[in-house]
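Swiss-Prot has this to say about the protein:
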TRANSMEM  17-37  transmembrane segment
TRANSMEM  77-97  transmembrane segment
TRANSMEM  108-128  transmembrane segment
TRANSMEM  129-149  transmembrane segment
TRANSMEM  153-173  transmembrane segment
TOPO_DOM  174-957  topological domain 'Cytoplasmic'
DOMAIN    607-820  domain 'FtsK'
BINDING   Gly627, Gly628, Gly629, Lys630, Ser631, Val632  ATP binding site
Amino acid sequence: MTVIERFKSNLKGKQNLINFGFILIGLFGCYLLIAWASYSPLDNAWSTASSVTHDTVLNKTGKLGAWLIDLLYAFLGNVAFVVPFVLFSFAIYALIFRIAEQWKWRNLLLQIGSFILLLIGLSGIASVLLPNSAYYLAGGFVGGMLQSLLNGIIGQVGLLLLSTVLMSIGFYFCSGQLLFSLGIQFYQWLFIKKPQSNTILEAANPHLNAQNNETTKSIVANPSENAHVDQLVTHENATEQLTDVSAFTRPTIHGLKSSSTLNTDKTKYNQVNAQPLTDPMMFKIEKKVILPKINMQHPENELTNLSMEQTNSIDNLEIRLPKVHLNTAVTNPEIKTVEHHAQNRPLEMPTQIQPVFDQPITPTISLNVEDQPLDIESNEAQLAEEFAAAEQMRLANMEQRAKAEGLEETFNQIITSPTLTVSINESSEQPTEKDLNPTHHDNGANYPKGYGKTLLHPLLQRNNVVEKPTTPLPTLELLAKNPVQTQQITEQEIFDTSHRLENALANYNVKATVEDVLVGPVVTRYEIKPAAGIKANKVTALANDLARELMFKAIRITEVVPGKPYMGIETPNTHRQTVWLRDVLDSEAFRHTQATLPMALGKDISGQPIVVDMAKMPHLLVAGQTGGGKSVGINTMILSLLFKLTPEQVRFIMIDPKVVELSVYNDIPHLLTPVVTDMKKAANALRWAVGEMERRYLLISHLQVRNIEGYNDKIDQASAMNFPIPDPTWRPADSIGQLPPPLTKLSYIVLIVDEFADLIMSAGKEVEEYIMRIAQKARAVGIHLILATQRPSTDVITGVIKANIPSRIAFTVASQIDSRTILDAGGAEALLGRGDMLYSASGSPEIMRIHGAFMSDEEVQRIADNWRARGKPQYLDSVVASHEDENDSRTNTITELDPLFDEIVAYVIESGVTSISGIQRRFSLGFNRAGRIIDQMEAQAIISEPGKGGKREVLAR
């Protein structure tokens, strides 16, 4: 490439042209500075031009420079030197701080107007305070005009005040904010203080500051509260390098936290760490510390005094303390304070100790046993009183519970039992060394007795025993509270990526500019505006090439940004944040949701929580390869329902071929059947769901409503009227009672299949038919389906399933073909894993990128245990019962034939009618009784099994 071509390439783009203009302004300012430095009033210039001085030019810049500087002196007087200095300084500042990157013409016009006000004010002040020269006025033509116009009206003092006001306004809006910021930063640097003012870019652009008031003012990295001191120093240094992004106007940045939030987080952090950072006695202990053992055997023994000597080495930390012998019934005496004579303050033993000084200091602690006496008798008396009060309170609570459950006699027997009386002599016996040392026990003799109340090892026990909660629903206290996370991204990083992105697109002949930037917890979206005539598919085809040039793992390009005429390019953040389930469930979107079946998925790319309604989906297909976060996403959906709904509102049928994914939910009261791990039983569960769907449709049709919401409203109305609705499908032969049972509200049913591919392989077409029927009809009766698979291939996700399940979620997949199989669109192959997903809602052409919420296995276990403590599940055996089981139950009733059996057999053989409805009409029987007679005839080989159309053949003719 030649020098001319390189020069032309550097001039491409608006920013480069503006920078070139700044260079010209700087050169012109330097030229005027030289002209001002060599100015002579005798030069042949504008104010002194004559034939006498025609050839007299002493100025180093020639006639042009002499004329220009003479004009400035003529108009501004002594203020003329300000113009060349400002032009030169402004050009240098604009090039150093890259003003061209956020250039706007209105800012230039504002600064030009402010500069003119500044010059007018300075000229007025000069005309009042400075004497006139023999060659020009002190304030020039401008100052003289102000004198002649305003001196007679407001006088010299008024003119001075007015000029000062004009100068102050012009100075502030022209460059005053910049100089103030520089002065504050210089002062803070001089006294080694951390800058707290706004950055230079923000100060130099007052309009941008006002425009972006609600955008982030600072970006900080919040270090861990328990980090090492040198890590804290590293974080502080990194924090000082982060700058404000609010003034970065092109592209506009959204999604960064406000300064108030960050300052609040920083204040909390400082409060938590105030003691370790300011206490010189804190030190880091890496050796094993032998905790003190207190001898309470004899009152005459004395408690030790502590003395601490600080040395200059950190080789060994040895603490030797006296032994412990417990004599009384109180086995855990508490030492509240120990006087530390070196500092005359209590010495606390922190659970986690951090160094707070540069040079390590090793404290040597020695304990002497001959200093201060300890009043053992008073402590023992106080502890005995506290123990007695606690024991009385415990017995009172036990008595109240016994009365509530009607077990007063049992309680009295327990209280009066002689085995519970413990003599003081036995409790005060001194324990032997064998008793104090558990390793001396005979493990072999105690092993058959089991572990507490069970013979199972604690780690092999499936469910933890939890006390019954008092709240109607689980609380968020079951989830761990995680530290607040902040974006660790700078304005410079955002601009550099934008600049590299524009250059990378230009390399492929795609002219586009970055207009907006949206910073999220996991990815950052750069919204670009392609030039006229550039098609969107030309940009999307460059995804892999752009990822390679920008050195990202993967990028995703969206053709349409909702509500904007831009395309979106999503790039991964260097420091990825974790989206915690507690943060999503604690959001306003989930707390105040009006959804019938609310499910929290995570957060979108802007960090906003996403909550969907399962009742409106109405079914969901989830696919993604191993490690993409599919199982965690399923757990997130289940836990969202468990936090919001009771077993009366929603019931689950869970199918888990992997055995370990959903087994943690066994025995929660929401289940209709234990978690199904056998694929044959899984097919039976789907078949039961189809039968339940038909039964519900029959009930809904009798109540003349259209869906489950209308049905439940009718039941509520009947309950309010105190007139329950009798079951319209009941027949006298269905039960022993003479009256039909009342109808009750129907709960929603959610079927969850964790590995759909395994189910298809084992059951095949039968399962697909059941799923198709459920997906087509079950929405109105409150039965919803969630299918998850690791293998998004066309033989698993068939066209029939896709047609009936419009709502889909795609986690990370291997290829674009798999992405199109799930979503009918690409993009899932460019996801980042660990919960990164694409969500396609039913009836919406938009595909939303969501970062799935994360929770630990312990949190899932705690929530399941919480529900198990609330009640036991009411399982239905018919859910997983097979045809053979039903046939066995039917054969047990065949021995007792119906009294009308012979008459109906004769009618069937004569007429050939084999349908239940025909038997009902002919003999005026109920549906269930007629069905039983048909089953009895089938068992006796009188009629055949139903064929394809449900028709039976008569075999006994």
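In case you wondered, yes, glycine gets a Cβ from its N, Cα and C as well.
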- request: For the recorded ATP site, enumerate neighbouring residues of the same chain (Cβ within 8 Å of the Cβ centroid of Gly627, Gly628, Gly629, Lys630, Ser631, Val632, site residues themselves excluded), in sequence order.
  value: Gly624, Thr626, Gly633, Phe811, Gly833, Arg834, Gly835, Gly852
- prompt: According to DSSP, which kind of secondary structure is Val632 (ATP binding site) found in, if we only use helix, strand and coil?
  reply: helix
Task: State the residues, same chain only, that lie 6 or more residues beyond the ends of the transmembrane segment (17-37) and have a CB under 8 A from a CB inside it; answer 'none' if no residue qualifies.
output: 11, 59-61, 65-66, 68-69, 72, 80-81, 83-92, 94-95, 99-100, 103
Field: Intrachain C-beta neighbours of Ser631 (ATP binding site), sequence separation six or more, cut-off 8 angstroms
entry: Glu661, Asp754, Ala788
Field: Gly629 (ATP binding site) CB neighbourhood, other CB atoms within 10 A
entry: 23
Query: Which whole-number mean pLDDT does the model give the domain 'FtsK' (607-820)?
result: 90
- prompt: How many other Cβ atoms sit within 10 Å of the Cβ of Val632 (ATP binding site)?
  reply: 19
- request: Please list residues from the chain of Gly627 (ATP binding site) whose Cβ is under 8 angstroms from its Cβ, counting only those at least six apart in sequence.
  value: Thr812, Gly833, Arg834
- line: DSSP output for Gly627 (ATP binding site) maps to coil
- request: Write out the long-range same-chain contacts of Lys630 (ATP binding site), meaning residues 6 or more apart in sequence whose Cβ is under 8 Å from its Cβ.
  value: Val622, Ala623, Gly624, Ala788, Gln790, Phe811
Query: Hey, what's the Cβ neighbour count for Gly628 (ATP binding site) at 10 Å?
result: 24
